[in-house]
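Enquirer: I am attaching a structure below and will ask some questions about it afterwards.
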Amino acid sequence: MRENLLDGNADAPQYDEFDIGSTQFLKGIQPDNYVRTTRYTVFSFIPLTILENFKRVANIYFLLMTVVAFMPWSPITPVVQVLPLMFVIAISMLKELIEDLFRFRSDRMYNSILFEVFRGGSFLKIRSSDIRPGDLIRIQSNVEMPADVLILTTSEPGNLCFVNEVNLNGETAIKQRKALPYYSHLSVPDDVHTIKGHITIPMPCKDLRRLDGTLTVNGNQLSFQMKNCVLKGTFMAHTQWAVGVALYTGHDTRIIQNQRHPPHKTSQLDKRLNWIVGFDFAFNIAVVVLSTVMSMIRDKTLKFAFVKPLEQTFSVSLQMFTSFALIFSYMIPISLYVTIEFVRFFQRWTFSSDLGMYSRELGFCQPNNSNLNEELGQIEHVFSDKTGTLTENRMKFVQLSARGTIYDIESDKEHVKELVGQERALNEILACIAICHSVIISADGFSSESPDEEALVTTASELNAKFVQRVPEESISIELGGNLSRFQLLQTIEFDSDRKRMSVIVKAPNGQIILYTKGADTIMQNLFSSNEDEAALLQMRDQVDSWAEQGLRTLVCGWRLISDEEWTDFSQRMQSATVEMENREQKMKDVGATIEHDLILLGAVAIEDELQPNVADTMSYLALMGIKLWILTGDKHETAVSIAKSTNVITPECRIFEILSNDPNEAQTVLTNIKQQHGTSVLVLSPDSLEYITNEQPKMLAEFGDLCRSVICFRMSPFLKSKVVETMQTHTKKTCLAIGDGANDVNMIQTANVGIGIIGREGRQAASNSDFAITRFKHLKRLLAVHGRLSLVRLSGVIRYMIYKNIVFCFPHLWYFMYTNWSPATLFDGWLLATYNLIWTIFPPGEYGFFEQDVSFMSLMRHPVIYRETRSGKYLSWYRFALEVINGIYQSFILFYFNLMLPSNTIINSRGYTDGQVTSGVQLFVGIVIVVDMQTMIRSHHWNVFLFLGVVVSILIFFLFNLPYGSFASLVPQMYFVPQTLFTMYQPYLSLLISVIACLAPEAIFSYLKGMWFPSFTRIIRESELIEASGNKHKY
């Protein structure tokens, strides 16, 4: 990729240059158009996947133990140690292979699409992967663009073309592009061979809004911008064909440059898991050291008549240590991470198939990052955008103020319509609305990137102020009160989030040059003429504030006449800025701002954006869950507060505090007052105060967030939104969730611990960059209260269970070493060792992770306290972990005593001998499998056929496996006929029954007594559900 040229090389070329049709670069490296999304190649797959697997400490540990197994003194055969590690790595590699094969098939199909490219004097069909910069391409309607293309000529009047950018940025609105005028007269295909020129473009970058280059033809330098280009991934719409020259191809195109792996996020559970596994390692090493020391003490103290004592050399000590380490390595759950991945994969399916989060128009929930499933169960702060997130983003033009006269359009549209053409002030502001916009007319009606503009132009047209036609960079026609007027379009100064305004300069039919501007009231009030009537401006500000208090969005309109001399000077400066290669867009903005002054007030407009259904109920429920609520909006102060009240972010009992300046004394005073309100405060912050607090007093913002019920931030920029989220995460160490629907919310979504995208009218860019995407804000309640909480409960239970079952399996060796004077010999047959985690105990934890449900979905949606109780961390606390360790040690001793120590001394087989170590080891192994598998039945609160079959089948298959396994004397001589002997005596069954009951009964009794004496709220709800279900059964 050519951007690598810039790395560490100050002399690297900043621009590419090539001739149209030559496909030869004068600078840089010749790129192709082959797109590869696969992670691996045929040669890199095996080494890279193996490297990824050994980034896990547990796998490295097992690899070291595998090396030890090949040593002559190893108590375990190498194949037994290798098998579990190979199985885990093979499963992981298989998963990666399947995913990459899907990517490869997609790449091959995409790169094989045929396009018409002009080569050798005619258009030839070639594969997309063979297109090069400089190629002339003819693109047909509804075909995806194969490269970033400069449009030279089209089939449409005015040399226009229309594109759909939904694949590029998720926006569904049709965009208008215009070909360079120089080649607009050409006949296609007859004159295509005459297209010549030298193109200079910047090196590849990620900017989707700016593409500045020059085309030099016969010594004339023509500048082009993004409005003349169509990017790869977009579709031609309402355009029969277009001819253009490829500028960027392959990985140099803007869409590929913007493709990157989402930021790596680690859940709180994964962080806690790392600590637990680390402790498990430390505990394992401690047991190994203890066993080694005791073995060395034995060699020094015990005297044998016919055995020479071992010399206490380093070599002998190392052999003993590694032997014990090999045996106790099974204390580390090698299948833990694989099991967690499978559980998360299943949870992903439950998220995406839940009808409770389904929208007929937009579909199901989309989990994009299943590694954060359980993080949804630990949210403490929710940061929400407003427009399109809390609201429908369906704008409605409802009121209009024309020089102090208020027109209620929604309720009295017909009366307003009659006045158009008669009232001068009304005509002037409607003319501004009909002219100053970026709306285009398509086959489906009006279309715009801005829902506000689309609503204004559509409603104005219904009021007889019709936008009729636009010829880009030439003219715009409107019909006002039945009179058609064509204005020459001289200059458009685009809206952006920094300027917060848009301006259009036109020449009226009478020859006057007019500047129309519309924008936010806070910006516009500084642009009006000093001669403007102060009373009119004050009345306008009062009216705008009144609308804002009703939750309406507002825009202020103004205009002025421009002299011919001023226009000439301005156009020359603007023309100079348009041919600049460095910072062209900023220079054009700077020049544009020089003419936006001394405006005359036309009036203001009010736009309504209705709330989505159940937003207020959802906010109330989130607050009851103990979650702090934040609204981060670009709207003005009064609008933000009004929306907060209507959504129950501000409730009647709340006291509102405001910090509107960067005065540190004001902030400190407010903090002192809030500390006395006991959680009923709401804080309103301006951008100035936030800039100061996040930069100078970030810990103060964390205090505000923890003390207040909710925080309202208005006039927020995308950068400031992400800065607030980052500050709260850094200084509170609490889990934060950000939710939004637009491209300006992406930074905030990616910064937060969990990012939620709303699939809405502004497209899918926020959804594509999120961890989870939902179609309605109300679905956030179900996402957190049901799926987030259950994911946390299930995964926590799986982790505890995996730690527990490996301790039960390993600790009998410690008792055995005590019993045999610390001789490092394994208790179990090698194949039983190898298959314990891989076969006999693999299904129960998975089924627990899939199906565990301690309370019903309905109760989770009714009782927010359950979420708060779960979020406390009790499900994977150190206390619960310690209980698992103690329980595992206790059960291991009971199983060892009843199934090895007692039988080996007392049970006489059919030949008149007591059983040997192998037979007792098999009996002990059977007991471990039964206890560990049945443990899930004790712990689960949601018994179903899958859980029952998983436990029964695991135990049954184990018995069926052992009978033929003990029949091959040549393969496993130490196991020959052992199962047959063991299972034909009654004593083992009695020992197993006693030991299983003794193992499982204490946890069942403890759980029952705890629920009776110290019940949690969750336990109370579960008992009430059981009582209700029992009562319903008795009715029938």
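Positions of Cβ are set from backbone N, Cα and C atoms, glycine also.
In case it helps, TrEMBL gives these features for our protein:
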type	residues	note
DOMAIN	31-80	domain 'P-type ATPase N-terminal'
TRANSMEM	57-73	transmembrane segment
TRANSMEM	79-98	transmembrane segment
DOMAIN	116-253	domain 'P-type ATPase A'
TRANSMEM	273-297	transmembrane segment
TRANSMEM	317-340	transmembrane segment
ACT_SITE	ASP385	active site, 4-aspartylphosphate intermediate
BINDING	ASP385, LYS386, THR387, GLU453, PHE495, LYS518, ARG553, THR633, GLY634, ASP635, ARG715, LYS721, ASN744, ASP745	ATP binding site
DOMAIN	768-1016	domain 'P-type ATPase C-terminal'
TRANSMEM	798-818	transmembrane segment
TRANSMEM	830-851	transmembrane segment
TRANSMEM	878-898	transmembrane segment
TRANSMEM	918-938	transmembrane segment
TRANSMEM	945-966	transmembrane segment
TRANSMEM	986-1009	transmembrane segment
Enquirer: By Cβ count within 10 Å, point out the most packed of the binding-site residues listed: THR387, ASN744.
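Expert: When each Cβ's neighbours within 10 Å are tallied, THR387 tops the list.
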Enquirer: Cα of GLY634 (ATP binding site) to Cα of the residue listed as 'active site, 4-aspartylphosphate intermediate': how many Å, rounded?
Expert: 9
Enquirer: Using a Cβ cut-off under 8 Å and a sequence separation of 6 or more, which residues in the same chain sit near the residue listed as 'active site, 4-aspartylphosphate intermediate'?
Expert: LEU632, THR633, LYS721, ILE739, GLY740, ASP741, GLY742, ASP745, MET748
Enquirer: Could you tell me what the rest of the chain brings near the transmembrane segment (878-898), counting residues at least six beyond its ends with Cβ under 8 Å?
Expert: 276, 279, 283, 796, 800-801, 803-812, 814-816, 924, 927-928, 931, 991-992, 994-995, 998-999, 1002-1003
Enquirer: For the domain 'P-type ATPase N-terminal' (31-80), DSSP counts of helix, strand and coil?
Expert: 25 helix, 0 strand, 25 coil
Enquirer: In the domain 'P-type ATPase A' (116-253), how many residues does DSSP assign to helix, to strand and to coil?
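Expert: Helix, strand, coil within the domain 'P-type ATPase A' (116-253): 22 helix, 61 strand, 55 coil.
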Enquirer: Taking 10 A as the limit, how many CB atoms besides its own sit near the CB of ARG715 (ATP binding site)?
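Expert: Looking across every protein chain shown, the total is 20.
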Enquirer: Including all protein chains shown, what's the count of other C-beta atoms within 10 A of the C-beta of PHE495 (ATP binding site)?
Expert: 20
Enquirer: Quick check: in three-state DSSP terms, what is ASN744 (ATP binding site)?
Expert: helix
Enquirer: Within 10 angstroms of the C-beta of ARG553 (ATP binding site), what count of other C-beta atoms is obtained when all protein chains are considered?
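Expert: ARG553 (ATP binding site) is surrounded by 24 other Cβ atoms within 10 Å.
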Enquirer: Six or more residues out from either end of the transmembrane segment (830-851), which same-chain residues have a Cβ under 8 Å from its Cβ atoms?
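Expert: Contacts with the transmembrane segment (830-851): 76-77, 79-81, 83-84, 87, 330, 333-335, 339-340, 342-343, 346-347, 794-795, 797-798, 801-802, 805-806, 809, 922, 925, 928-929, 932-933, 935-936, 939-940, 942, 944, 946-947, 950-951, 953-954, 957-958, 965, 972.
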Enquirer: Which bits of the chain, at least 6 residues beyond where the transmembrane segment (317-340) starts or stops, bring a Cβ under 8 A of a Cβ in it?
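Expert: Tertiary neighbours of the transmembrane segment (317-340) are 56, 58-59, 61-62, 65, 68-69, 71, 73-76, 81, 84-85, 88, 91-92, 277, 280-281, 283-285, 287-289, 291-292, 295-296, 795, 798-799, 802-803, 805-807, 809-810, 813, 817, 824, 826, 833, 836-838, 842, 845-846, 849.
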